[in-house]
Amino acid sequence: MERAAPSRRVPLPLLLLGGLALLAAGVDADVLLEACCADGHRMATHQKDCSLPYATESKECRMVQEQCCHSQLEELHCATGISLANEQDRCATPHGDNASLEATFVKRCCHCCLLGRAAQAQGQSCEYSLMVGYQCGQVFQACCVKSQETGDLDVGGLQETDKIIEVEEEQEDPYLNDRCRGGGPCKQQCRDTGDEVVCSCFVGYQLLSDGVSCEDVNECITGSHSCRLGESCINTVGSFRCQRDSSCGTGYELTEDNSCKDIDECESGIHNCLPDFICQNTLGSFRCRPKLQCKSGFIQDALGNCIDINECLSISAPCPIGHTCINTEGSYTCQKNVPNCGRGYHLNEEGTRCVDVDECAPPAEPCGKGHRCVNSPGSFRCECKTGYYFDGISRMCVDVNECQRYPGRLCGHKCENTLGSYLCSCSVGFRLSVDGRSCEDINECSSSPCSQECANVYGSYQCYCRRGYQLSDVDGVTCEDIDECALPTGGHICSYRCINIPGSFQCSCPSSGYRLAPNGRNCQDIDECVTGIHNCSINETCFNIQGGFRCLAFECPENYRRSAATLQQEKTDTVRCIKSCRPNDVTCVFDPVHTISHTVISLPTFREFTRPEEIIFLRAITPPHPASQANIIFDITEGNLRDSFDIIKRYMDGMTVGVVRQVRPIVGPFHAVLKLEMNYVVGGVVSHRNVVNVHIFVSEYWF
């Protein structure tokens with residue numbers, strides 16, 4: 001039975017003891033279980049050890065203290081595991097990878113948190129479906145949600161890339177808000193449905209009207225007991241027991257432990273054996289065994305007298321066949337019978353009866369060739385053998401050609417006539433069945449005729465090969481390796497280089513700057529700047545490019561200073577310089593160039609073009625076409641080798657955007673610096689100019 005409990009917050013230690021509080025009821029009313037639980041929490045928090053002795057004489061209080069201490073320790077260890085996953089991104093505990101209880105809980109929560117972070121990184125849902133347990137599922141969901149981030153990158157007053165950085169939002173851990181955590185407000189069992197907390201009771205208890213407490217069910221009154229007929233039901237706390245209320249029956253007596261014990265009538269002297277008999281006890285009764293033993297051929301009657309046994313009646317077939325049994329005092333004799341036989345019969349070997357003479361038995365041939373002798377009681381007759389018929393003209397038995405007389409009805413495949421019979425045979429790929437007429441398919445695959453896989457078909461078999469192999473055109477049974485790298489699609493199997501191996505293939509990547517992706521086919525760029533394997537000096541900035549890295553040092557020109565937004569960053573793809581004129585420097589003040597930025601972009605080799613490739617976005621800080629607003633003009637002033645790039649103006653999300661596009665293929669390795677200008681023109685005069693130097697590195701590979 002379940003009822004919804006009042007939706008109210010209860011201190012966590014009391015939730016953990018919803019079931020344990022029942023143990024104390026009626027045992028020691030002076031013991032305050034809440035205080036015992038608080039002691040257990042303090043021991044876990046300060047001592048980190050639940051095995052220390054508890055200063056109490058109450059068994060129930062010690063049980064509560066131990067359970068609350070272990071519960072608090074589990075929460076502390078789980079919080080440590082979540083911190084390891086978020087801060088170190090690995091689950092190596094300070095105590096090493098041991099099998100202690102602390103390390104087990106720390107590692108479990110750490111692994112569950114890493115799974116949640118990995119699910120978010122792979123774009124999967126944070127609503128977990130793995131059967132990993134309730135606590136692990138809550139940690140999984142919390143870490144998955146917390147690892148989402150948002151953000152954006154500005155280049156001066158522009159936004160020169162379309163990268164998005166997500167700002168982490170603080171979310172409350174749903175596991176900490178579980179109202180059934182530790183037992184909830186319920187005294188025995190608790191279930192949080194989301195809308196409310198539902199309490200229920202153990203077997204043998206029922207829920208009270210307060211929806212929280214439980215009371216014992218009297219099964220003896222409600223009739224829910226299982227006592228059998230002849231037993232009385234006695235109620236106990238949470239259950240019941242059955243007690244026998246009738247006697248055990250004749251020959252048994254009831255013991256103190258409600259069981260039946262055999263009565264030894266011989267020892268107690270309550271038997272009725274006569275003086276010439278000895279009493280022998282049995283289970284539930286007794287037996288009277290006579291003292292006098294009779295000789296062979298005699299049996300004792302009820303009074304102990306020896307009387308003769310008639311073996312001719314009591315024994316089944318006491319004499320051999322052909323003999324008659326005659327009873328004697330204490331024994332019997334057998335007398336032989338001598339019968340007289342007529343014509344066509346003779347006495348059997350035992351001489352007991354007459355049997356038929358088989359005139360047809362070899363080597364006698366009373367009927368001659370082509371005929372069959374048929375014996376009959378006291379005589380015989382001659383007829384044609386099976387497979388022959390009697391020719392009235394020649395007066396002889398002639399062979400029957402069954403194959404011609406019954407075409408297609410005798411054999412499954414082929415029929416061959418023989419003298420007096422016929423033989424059936426089968427085509428290739430079949431064998432004769434047990435009936436000698438039907439043909440059944442031969443499973444040629446049982447003899448392994450193929451080099452790899454074999455499929456039995458009706459009357460034959462077919463060889464086929466495993467993945468990565470093909471059947472030989474020469475013998476049709478040998479499997480030859482398929483060179484996947486030489487197939488028309490082989491160039492697209494691997495992103496760099498394909499290596500054929502027996503039954504499969506392997507992909508490889510350039511010797512440096514790349515590693516093979518988990519799918520075993522694509523090559524992934526190694527970010528040397530992130531992994532720390534670059535050799536850039538302290539005055540240089542490491543920029544990752546496809547297949548390598550570059551160490552670059554950008555200095556602001558005279559009358560310009562480094563932007564504070566990029567000055568404090570340890571790693572960025574953009575360096576921005578803002579104009580900072582000295583006092584009374586009129587030339588500097590009237591110079592329209594306000595910002596000079598350097599940014600780095602890495603591109604693969606585009607060997608074929610179907611449409612221009614958009615690579616850089618310059619976003620203006622003012623909305624398009626406001627009243628009395630400057631006209632924004634984008635231009636490439638330097639570094640556009642062979643006009644491989646162009647820039648167009650576009651309006652996106654209410655902003656004016658300059659889009660740099662690659663319009664011609666470039667085969668790497670290639671390095672160029674594009675100088676981009678964004679001019680604010682008012683009345684035909686440039687009032688404001690931002691300069692962006694884009695360092696373009698083109699890889700020699702297309703990936």
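Our numbering is plain: 1 for the first residue shown, then up by one each step along the chain.
Using the three backbone atoms N, Cα and C, a Cβ is placed for every residue, glycine included.
Under the heading disulfide bond, Swiss-Prot lists CYS112-CYS136 (among others), citing similarity to another entry as support. Long-range neighbours of CYS112 (disulfide bond) (same chain, six or more residues apart, CB within less than 8 Å of its CB): GLY81, VAL132, GLN135, CYS136, GLY137, VAL139, PHE140, CYS143. The DSSP secondary structure for CYS112 (disulfide bond) is helix.
Per Swiss-Prot, domain 'Anaphylatoxin-like 3' is recorded for 112-144.
What Swiss-Prot records for CYS126-CYS144 (among others) is disulfide bond. If you take the C-beta of CYS126 (disulfide bond) and look for same-chain residues 6 or more apart in sequence within under 8 angstroms, you find GLY116, ALA119, GLN120, PHE140, GLN141, CYS144, VAL145. Under DSSP, CYS126 (disulfide bond) is assigned to coil, being neither helix nor strand in the three-state scheme.
Taken from Swiss-Prot, the feature disulfide bond covers CYS186-CYS199 (among others), and the record attributes it to similarity to another entry. Mapped onto three states, the DSSP output places CYS199 (disulfide bond) in strand.
CYS260 (disulfide bond) falls within a strand when secondary structure is assigned with DSSP. Residues annotated as disulfide bond in Swiss-Prot: CYS248-CYS260 (among others).
What Swiss-Prot lists as disulfide bond is CYS273-CYS288 (among others), and the listing cites similarity to another entry. All chains included, 16 other C-beta atoms sit within 10 angstroms of the C-beta of CYS273 (disulfide bond).
Summarising the annotation, Swiss-Prot assigns disulfide bond to CYS319-CYS334 (among others). Long-range C-beta contacts of CYS334 (disulfide bond), restricted to its own chain and to partners at least six residues apart, with a cutoff below 8 Å, comprise PRO318, CYS319, PRO320, HIS323, THR324, CYS325, ILE326. Secondary structure from DSSP puts CYS334 (disulfide bond) in a beta strand.
Remote same-chain residues near the domain 'EGF-like 5' (356-398) are listed as 342-346, 419-422 (criterion: CB distance under 8 Å, separation of at least six residues from the stretch ends). Here Swiss-Prot flags 356-398 as domain 'EGF-like 5', drawing on sequence analysis.
Residues 385-389, 458-460 of the same chain, all 6+ positions outside the domain 'EGF-like 6' (399-440), place their C-beta atoms under 8 angstroms from a C-beta of that stretch. If you look up Swiss-Prot, you'll see 399-440 marked as domain 'EGF-like 6'.
Look at Swiss-Prot and you will find CYS426-CYS439 (among others) tagged as disulfide bond, backed by similarity to another entry. Cβ-based neighbour count (10 Å, all protein chains) for CYS439 (disulfide bond) stands at 19. In this structure, CYS439 (disulfide bond) is part of a beta strand by DSSP.
Per Swiss-Prot, the feature domain 'EGF-like 7' maps to 441-480; the stated evidence is sequence analysis.
Residues annotated as disulfide bond in Swiss-Prot: CYS450-CYS463 (among others). Counting only same-chain residues at least 6 apart in sequence, those with a Cβ under 8 Å from the Cβ of CYS463 (disulfide bond) are PRO449, CYS450, SER451, GLN452, GLU453, CYS454, ALA455, LEU471, GLY476, VAL477, CYS479.
The disulfide bond feature in Swiss-Prot is assigned to CYS494-CYS507 (among others); the stated evidence is similarity to another entry. Secondary structure from DSSP puts CYS494 (disulfide bond) in coil.
Marked as domain 'EGF-like 9' by Swiss-Prot: 525-578.
For the recorded site, CYS529 (disulfide bond), the DSSP three-state label reads helix. Counting Cβ atoms from all protein chains shown, CYS529 (disulfide bond) has 19 others lying within 10 Å of its own Cβ. The annotation disulfide bond is assigned in Swiss-Prot to CYS529-CYS542 (among others).
Around the Cβ of CYS536 (disulfide bond), a 10 Å sphere holds 16 further Cβ atoms from the protein chains shown. Classification of CYS536 (disulfide bond) by DSSP places it in coil, neither helical nor stranded. What Swiss-Prot records for CYS536-CYS551 (among others) is disulfide bond, and it gives similarity to another entry as the kind of evidence.
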So how many other Cβ atoms are close to CYS248 (disulfide bond), meaning within 10 Å of its Cβ? 16
Residue among disulfide-bonded residues CYS260, CYS273, CYS494, CYS577 with Cα closest to the Cα of CYS199 (disulfide bond): CYS260
What does DSSP assign CYS136 (disulfide bond), in three states? helix
For CYS426 (disulfide bond), which of the disulfide-bonded residues CYS186, CYS248, CYS273, CYS551 has the nearest Cα in space? CYS248
Going by C-alpha positions, which of the disulfide-bonded residues (CYS273, CYS288, CYS494, CYS551, CYS577) is nearest CYS542 (disulfide bond)? CYS551
Give the residue counts of the domain 'EGF-like 5' (356-398) per reduced DSSP state, in the order helix, strand, coil. 0 helix, 20 strand, 23 coil
Any idea what DSSP makes of CYS542 (disulfide bond), helix, strand or coil? strand
